[in-house]
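**Student:** Next up is a structure, given as structure tokens.
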């Protein structure tokens with residue numbers, strides 16, 4: 001840690017405590033993530049270290065840059081570029097109103113970051129407003145990319161705060177283990193709806209069952225016809241057969257018709273039918289300049 005001075009604590013992350021830090025040579029402000037490792041562990045698993053070191057190669061303006069990996073006696077500190085606030089805090093400052101141009105800009109930046117990582121075969125797996133960071137220039141950056149693969153997604157944050165299910169797709173809630181890029185696209189859809197509603201989450205489930213019910217009340221309950229193989233997923237449970245809603249304009253009233261169309265292409269229960277990040281970036285919601293109206 002000699003290279004960095006530890007300053008004040010910024011918060012608790014999924015994997016450990018986050019501090020503000022300063023590079024002693026360049027005076028650059030950074031974020032220091034101290035990763036908590038299990039006490040009975042043999043220190044840092046080599047597989048995790050390999051994964052983490054690969055992430056240093058991911059350089060894109062919409063990805064929070066991993067600057068350094070400091071590894072010593074069972075301690076692992078990840079040094080990231082520092083951003084001013086996360087999307088959750090940004091929402092809290094809004095008082096329930098968001099400029100639709102800002103909503104669109106943030107969503108496009110989110111998709112650009114996703115497309116870049118997906119093209120390098122890196123998934124996020126735990127996207128949520130808390131790990132979308134925003135700097136003073138209105139640039140949005142994805143944080144904690146690839147960490148889920150290196151460390152696993154814990155059921156509880158080490159600070160005992162429960163890891164949110166609100167952005168998890170139905171396939172993962174049903175126990176699917178083979179993750180593809182589609183997991184992040186579902187989360188992106190949940191975030192688009194939340195952006196358009198100035199920070200009100202679309203599916204705020206209290207547990208796995210409640211989460212699935214909230215989703216199916218909107219999208220309709222899937223079955224073997226609409227989603228072949230769904231009933232064979234390891235944690236599948238038969239749920240009441242809800243019809244899909246007919247009016248998305250009531251669900252996300254602030255979002256214009258093109259935005260709603262994109263949302264419907266992201267929020268599809270069957271994972272292989274969700275739109276990709278690359279395709280979503282080309283959607284008329286972003287390309288049509290008259291898109292601000294309804």
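Cβ coordinates are placed from backbone N, Cα and C, and glycine is handled just like the others.
Here Swiss-Prot flags 4-286 as domain 'Protein kinase'. Annotation source Swiss-Prot lists ATP binding site at 10, 11, 12, 13, 14, 15, 16, 17, 18, 33. Among the features that Swiss-Prot reports, phosphothreonine is placed at 14. Swiss-Prot lists 15 with the feature phosphotyrosine. Marked as active site, proton acceptor by Swiss-Prot on the basis of sequence analysis: 126. Annotation comment: Swiss-Prot describes 159 as phosphoserine, evidence class similarity to another entry.
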**Student:** Which residue among the binding-site residues 10, 18 has the fewest other Cβ atoms within 10 Å of its Cβ, if you could check?
**Tutor:** 10
**Student:** To the nearest whole angstrom, state the Cα distance for the pair residue 126 (active site, proton acceptor) and residue 14 (ATP binding site).
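**Tutor:** About 10 Å separate the Cα atoms of these two residues.
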**Student:** Would you work out the biggest C-alpha to C-alpha distance among 10, 11, 12, 13, 14, 15, 16, 17, 18, 33, the residues that bind ATP according to the record, and give it in angstrom as a whole number?
**Tutor:** 14
**Student:** For residue 16 (ATP binding site), what is the secondary structure by DSSP, using just helix, strand and coil?
**Tutor:** strand
**Student:** How many neighbouring Cβ atoms, not counting its own, are there within 10 Å of the Cβ of residue 14 (ATP binding site)?
**Tutor:** 24
**Student:** Applying the rule Cβ within 8 Å of the centroid of the Cβ atoms of 10, 11, 12, 13, 14, 15, 16, 17, 18, 33, what extra residues of the same chain belong around the ATP site?
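**Tutor:** Output for this site, in sequence order: 34.
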**Student:** Quick check on the recorded positions 12, 126: which one has the highest count of other Cβ atoms within 10 Å of its Cβ?
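**Tutor:** The residue with the densest Cβ neighbourhood is 126.
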**Student:** For residue 15 (phosphotyrosine), just count the other CB atoms lying within 10 A of its CB, please.
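**Tutor:** Residue 15 (phosphotyrosine) is surrounded by 23 other Cβ atoms within 10 Å.
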